[in-house]
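A quick write-up on the structure given underneath.
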Amino acid sequence: MSLVPNTICLFDVDGTLTKPRNVITPEMKDFLAGLRTKVELGVVGGSDINKIKEQLGENCINEFHYLFAENGLLSFKDGSLLATQDIKKFLGEENIKKFINFVLHYIADLDIPIKRGTFVEFRNGMINISPIGRNCSQQEREEFEKYDLEHKIRPTMVSILKEKFQSLGLQYSIGGQISFDVFPIGWDKTYCLRHLPEDKYKTIYFFGDKTFVGGNDYEIANDPRITKSFTVTSPTDTKNFLSELFYKQ
């Protein structure tokens with residue numbers, strides 16, 4: 001079967017292909033395997049490659065035509081490494097140290113119901129910050145998300161960091177349930193689009209759940225290269241949109 005020409009579907013991970021921080025279901029895996037025979041598929045996640053593998057499976061780089069970890073700062077095409085970028089070179093160690101020191105002091109003084117561990121996670125192309133700590137349980141994760149919606153813990157912290165470190169040229173993106181990402185301006189999910197040749201891909205569909213202003217899907221969902229973006233609420237929602245696009249008679 002020939003693929004739909006000049007077309008690719010790009011997917012967020014959390015809330016789009018999987019439930020937040022859950023693994024992909026066998027049903028969704030089978031659905032995507034069938035879809036892959038019809039149209040090219042790509043994944044763009046904010047997490048590092050190991051976390052994406054935890055959710056989508058160890059072999060995921062071979063199951064999509066493109067896989068973009070850390071917004072595309074680590075990129076794979078047809079299972080092979082395509083390109084990498086490094087935030088350490090961009091910011092320099094002194095700026096990174098000042099930024100992380102401030103973040104840790106801020107979280108230490110933050111009064112929230114519970115704290116766990118791994119408040120700062122340094123990745124290849126970004127810094128991930130979690131006020132509650134990334135090694136909280138799934139139940140604690142869900143409780144923090146509700147608390148954050150009411151008390152604006154993450155948005156408040158982001159606004160303070162923006163003001164304090166405005167000279168560094170950083171961008172902040174709230175994604176998932178418990179954390180937010182920090183990266184140089186332009187290193188959001190739109191970064192991955194530079195790896196998709198414009199003369200080949202005339203139609204790009206994007207599927208994501210955090211397409212609101214400040215969400216980590218917002219920039220790519222509104223990029224002029226995206227033909228149409230679909231705001232989804234669950235993997236089932238994603239599957240329904242795809243069925244309408246590619247299986248409707």
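Glycine too: its Cβ is placed from the backbone N, Cα and C atoms.
Sequence annotations record features per position, and here Swiss-Prot assigns active site, nucleophile to ASP12 based on similarity to another entry. Listed in sequence order, VAL43, VAL44, GLY45, LYS189, PHE206, PHE207, GLY208, ASP209, LYS210, ASN216, ASP217 are the same-chain residues at least 6 apart in sequence whose CB falls under 8 Å from the CB of ASP12 (active site, nucleophile).
The DSSP secondary structure for ASP14 (active site, proton donor/acceptor) is strand. Annotation for ASP14 (active site, proton donor/acceptor): spatial neighbours PRO20, ARG21, GLY45, GLN55, GLY175, GLY176, ASP209, criterion Cβ-Cβ under 8 Å with sequence separation of six or more. The active site, proton donor/acceptor annotation in Swiss-Prot covers ASP14.
As annotated by Swiss-Prot, Mg(2+) 1 binding site applies to ASP12, ASP14, ASP209, with the evidence given as similarity to another entry.
The alpha-D-mannose 1-phosphate binding site feature in Swiss-Prot is assigned to ARG21, ARG123, ARG134, ARG141, SER179, ASP181; the stated evidence is similarity to another entry. Non-local neighbourhood of SER179 (alpha-D-mannose 1-phosphate binding site): ASN128, ILE129, SER130, PRO131, ARG134, ARG154, each in the same chain, at least six residues away, with C-beta under 8 Å from its C-beta.
Swiss-Prot lists ASP223, THR227 with the feature Mg(2+) 2 binding site, giving similarity to another entry as the kind of evidence. Secondary structure at THR227 (Mg(2+) 2 binding site), as computed by DSSP, is coil.
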Below 8 Å Cβ to Cβ and six or more residues apart, same chain only. Which residues does that give for ASP223 (Mg(2+) 2 binding site)?
THR190, LEU193
Residue from ARG123, ARG141, ASP181 whose C-alpha is spatially nearest that of THR227 (Mg(2+) 2 binding site), among the binding-site residues:
ASP181
For SER179 (alpha-D-mannose 1-phosphate binding site), just give me the three-state DSSP call.
strand
